[in-house]
Amino acid sequence: MKLSNLVGAIGLLSVIETSVAYPGMGKTVTEIKAREPDNEPPPVLIGDIKDGGTTPIGKTIARILLEQESGESMEGGYKVPGLLGTQKCKKDTCCTWWYIARAMDIVFRGPSGRCNKFARAAVRLAFHDAGTWSQVLADQGKDWGGADGSIALSNSEEFRPENNGLQDIIKKARVWQKTFGVGMGDLIQFAANHAVVTCPLGPRVRTFVGRKDSKKAAIDGLLPGVNDSADKLIKLFQDKTISPHELVALLGAHTTSEQFFVDPKRRGDPQDGTPGVWDTLFYNQTIGTGPLPKKVFRFASDIAISQDPRTADEWAEFAGPGGQDHWNEDWAYSFIRLSLLGVNNINQLTECTKVLPMPRKTFKGAMELLKNE
Ligand code: HEM
Ligand SMILES: *[C@@H]1O[C@H](CO)[C@@H](O)[C@H](O)[C@H]1NC(C)=O
Ligand SMILES: *[C@@H]1O[C@H](CO)[C@@H](O)[C@H](O)[C@H]1NC(C)=O
């Protein structure tokens, strides 16, 4: 069957499914969707692993980006080989990262065991560093930006309005970089993965280091606006090789977030009823079919993506039963892709997931809604 016919047929089946849902029909649709999720083309490879990778690590990352291998891992049991700064420690790339992770253990966790404002800011910082990359511009020779640390190294990106609120975490990143002598691009992406697994229910995302830093400011205008249309947002992310369903997964970061600058009169208002917890309540409350606490501040961009026909199905799946595992899995794939945008030495990276803390499912004072740390 020609692709256009197939797409048409799936569209028709979806209509039938919702209008006359009878047993058996739904299953066929689900099966077709499983093969062609949301009618999307398959994920593409990026950077120096466009041909599938030339080294074991490059091939592993390629399989993760193609969603053939999990982006989550429970690998642990790391025995730190020596004190920070010693030869023994320097010989093992992950040793220094073990010490960095222990510093972050203290900084990212609030008193009740939820992830705190530094953790939230770290996740946003990683997006605002890595997200400044465009395939179209890269093809025109403007292949800079991305996960290169320039948000903290350029001395100009941090003053852009969209980076308002990230100043404190940028300061911390600079201190960590000085103390531990690692790359800024790596540090920022590592911090996000640490922050996410610190949030109760957060996935333990496979974590790679070895990126090249750049002081050159990223091209302006490549980050999304809160009032942008769904179409503009979907296209903006597709130009970063991030598909509509991956965008839906990444937007789940707003499960833990708070806003300060969209409506300054409502400073600190969260985007769901459980800030600091990596649950799927954000997806549910953005759709708005359940009870919505007064304090919850929904972004126009999130509502737009939750309703667009290209993204609404995935959004509802994350909101519904079984959504948590599905979302964690998709977050991992999607975040690993985001965190490697603009990186052209993926074949030379090292995996240091084993130094991250283990995921947690509990915290004190269960569901103390809307009290932030
Ligand atoms: C359509 C795309 C997106 C838009 C329009 C958007 C917009 C925003 C806005 C307006 C804020 C509040 C800033 C403030 O007023 O303080 C925010 C916060 C946040 N965003 Fe997004 N965002 C998008 C995608 C993402 C993605 C892809 C991630 C992560 C992968 C992310 C992570 C966060 C986090 C963690 C915060 C909370 C920061 C904090 O609490 O300090 N966002 N976002
Ligand atoms: C987005 O729209 C709201 C409501 O119209 C407005 O108050 C706000 O200033 C806009 N924000 C941006 C960044 O354009
Ligand atoms: C959201 O949660 C509420 C309350 O549990 C529930 O009634 C509603 O059906 C949920 N919405 C979706 C889209 O899953």
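Even glycines carry a Cβ here, placed using N, Cα and C.
For the Ca(2+) 2 site, TrEMBL gives Asp272, Thr274, Asp279; the one candidate out of Thr255, Thr289 that the record lists there too is Thr255. Matching TrEMBL disulfide entries to the candidates Cys199, Cys352 identifies the partner of Cys115 as Cys199.
TrEMBL names Asp148, Ser150 as Ca(2+) 1 ligands; from the candidate set Asp105, Asp129, Asp186, the record adds Asp129 to that same site.
Of the listed cysteines (Cys94, Cys95), only Cys94 is recorded by TrEMBL as the disulfide partner of Cys352. With respect to their backbone Cα atoms, Asp148 (Ca(2+) 1 binding site) and His128 (active site, proton acceptor) stand 11 Å from each other. Neighbours of Asp272 (Ca(2+) 2 binding site), defined as other CB atoms within 10 A of its CB across all chains, total 28. Here Thr255 (Ca(2+) 2 binding site) is compared against the recorded positions Arg124, His128, Ser150, and the shortest C-alpha distance is to Arg124. The recorded positions near ligand 1, defined by a Cβ under 6 Å from one of its atoms, are Arg124, chosen from Arg124, His128, Asp129, Ser150, Thr255, Asp272.
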